[in-house]
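Student: Sharing the record's features from Swiss-Prot:
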type    : residues : note
DOMAIN  : 224-262  : domain 'LRRCT'
DOMAIN  : 280-467  : domain 'NTF2'
DOMAIN  : 546-599  : domain 'TAP-C'
MOD_RES : SER2     : N-acetylserine
REGION  : 408-439  : region 'Disordered'
REPEAT  : 163-184  : repeat 'LRR 1'
REPEAT  : 189-210  : repeat 'LRR 2'
Amino acid sequence: MSGFHNVGNINMMAQQQMQQNRIKISVRNWQNATMNDLINFISRNARVAVYDAHVEGPLVIGYVNSKAEAESLMKWNGVRFAGSNLKFELLDNNGASAGTSDTISFLRGVLLKRYDPQTKLLNLGALHSDPELIQKGVFSSISTQSKMFPAMMKLASTEKSLIVESVNLADNQLKDISAISTLAQTFPNLKNLCLANNQIFRFRSLEVWKNKFKDLRELLMTNNPITTDKLYRTEMLRLFPKLVVLDNVIVRDEQKLQTVYSLPMKIQQFFFENDALGQSSTDFATNFLNLWDNNREQLLNLYSPQSQFSVSVDSTIPPSTVTDSDQTPAFGYYMSSSRNISKVSSEKSIQQRLSIGQESINSIFKTLPKTKHHLQEQPNEYSMETISYPQINGFVITLHGFFEETGKPELESNKKTGKNNYQKNRRYNHGYNSTSNNKLSKKSFDRTWVIVPMNNSVIIASDLLTVRAYSTGAWKTASIAIAQPPQQQASVLPQVASMNPNITTPPQPQPSVVPGGMSIPGAPQGAMVMAPTLQLPPDVQSRLNPVQLELLNKLHLETKLNAEYTFMLAEQSNWNYEVAIKGFQSSMNGIPREAFVQF
């Protein structure tokens, strides 16, 4: 018995030793395929097994058995995979590149010390005389010196507490901007930049920033040789199209500049070429999404034998600064069907992934996850544009928004891989967690339908679905917090158009019937009797459905808020009565007197 016990101990010690010898690695630029494809690719080509693989943001993290295997894997840096060049890195146990944790912490500390949140100024002036940087040996060699600024900018781009509008780079012995060129990628919306007291002498060295700082208002270049050139002012105006102040001198009329660069119309959540198209498109979208979420087969009668459908995955991860964005999206259920032609290189695959006709379209419908849209409950989370298409006597609807994945597909296309193929790749496929890339989550989407009216119904000639990582809509305006103190509220209110009709919900669909027996419930008939003290602008009232008008009336009578504040309260609560009342009750002490009806 003791012999068996000793053998067990030896095996356990051997396993522990293997665990201790494992090397943690990461892989970048893999998102155009599934993690399973990546692990199999590595095992087939590099002959290295990756264990316990999982996704962390843009990285696949895993382990290899030894340092020798890790070094072997590093030789594959730059290898092409799914249209991108893979990048392998060695990591320590905390996920940071080996030997870099201390440096990252140090540079992060330097950034935070030099940032003023009051003025939103990042002061990177006179870095060569900074005692901390000198002691750390940052300037001990050209190599470390050249890497410092890009590393600082990479850290700054991920540091959410840094909201930078101005950067000072004075007194840094700069002869050109090659060492600081990444500033434009990190802070593209920079408004003020100081490069004074350097040694910049060529316009050509600034060309890399041409049209990069599109909001740069003020530039300070004093005490640089370049300022003595007779073309200096002309070149600076050419490089920076919105520059107003150069070396403390006004060089452009700011009001005229704003007129030139302002759009002829404000960004709108909903745009319809005419009222008729607006009604038709909202009817269609509401009805379509309802059946898409509940019974997709009933949609098939909307497609003709020539109709086309395709799905495309945009695997780009939103910037970390975007509120509520998904930094670890999973697209496993979509990848095998994705027709993103910027990622799919095979002409055969591009053709195969275009579904034509009802049977083919139905097949791909079944491979997509079950969903739930919230167009009616949360209309502010969606944006729609509709334009006519005279060539086919039809129109084009484009809808942006989000959906929740509520269930696995009826048919999982990523399980079509044959048994033999699985066995072939199994040897080097250790540690792959297939569920991580197939998790159900919230997704953003863009969907474009080309609609052709026909025989008192419609036909979908083309249907294109693009799936993206979830992020808030760009059309959404900043919420106005009712709970703000009166003195703060006064400074915010003038910026808000009084119940802007352009940011309201789409009109509620009226009764209509389309192919397949789909019908859209209409709104109650008869005019809503509003409280005499609830005076809504006609253009606003005309865009609200009876349910919303009833909610406004009910909130107005209950809270005694005036029309503007009642509308704001309803909109901020996503037209949910219970949420609105709770919000009102918790914010009563902060609501200004003028927000209430004056009797």
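Including glycine, each Cβ sits where the backbone N, Cα and C put it.
Could you give the neighbours, burial and distances for every feature on this list?
Tutor: Within its own chain, the domain 'LRRCT' (224-262) has Cβ neighbours under 8 Å at 195-203, 206-207, 209-211, 213-218, counting only residues six or more beyond its boundaries.
According to DSSP, the domain 'TAP-C' (546-599) comprises 41 helix, 2 strand, 11 coil.
Remote same-chain partners of the repeat 'LRR 1' (163-184), defined as residues 6 or more beyond its termini with a Cβ less than 8 Å from a stretch Cβ, comprise 115, 117, 119-129, 145-146, 149-150, 153-154, 156, 190-202, 205-206, 208-209, 212-213, 220.
Within the chain, the repeat 'LRR 2' (189-210) has long-range Cβ neighbours (under 8 A, six or more residues past its boundaries) at 125, 164-178, 181, 183, 216-226, 229, 231, 235, 238-240.
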Student: Using DSSP, what is the helix/strand/coil residue split across the repeat 'LRR 2' (189-210)?
Tutor: 6 helix, 3 strand, 13 coil
Student: Take every residue in the domain 'LRRCT' (224-262), average their pLDDT values, and give the whole-number result.
Tutor: 89
Student: Can you tell me how the residues of the repeat 'LRR 1' (163-184) break down into helix, strand and coil by DSSP?
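Tutor: Once the DSSP states are binned, the repeat 'LRR 1' (163-184) shows 5 helix, 3 strand, 14 coil.
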Student: Within the domain 'LRRCT' (224-262), how many residues are helix, strand or coil going by DSSP?
Tutor: 20 helix, 4 strand, 15 coil
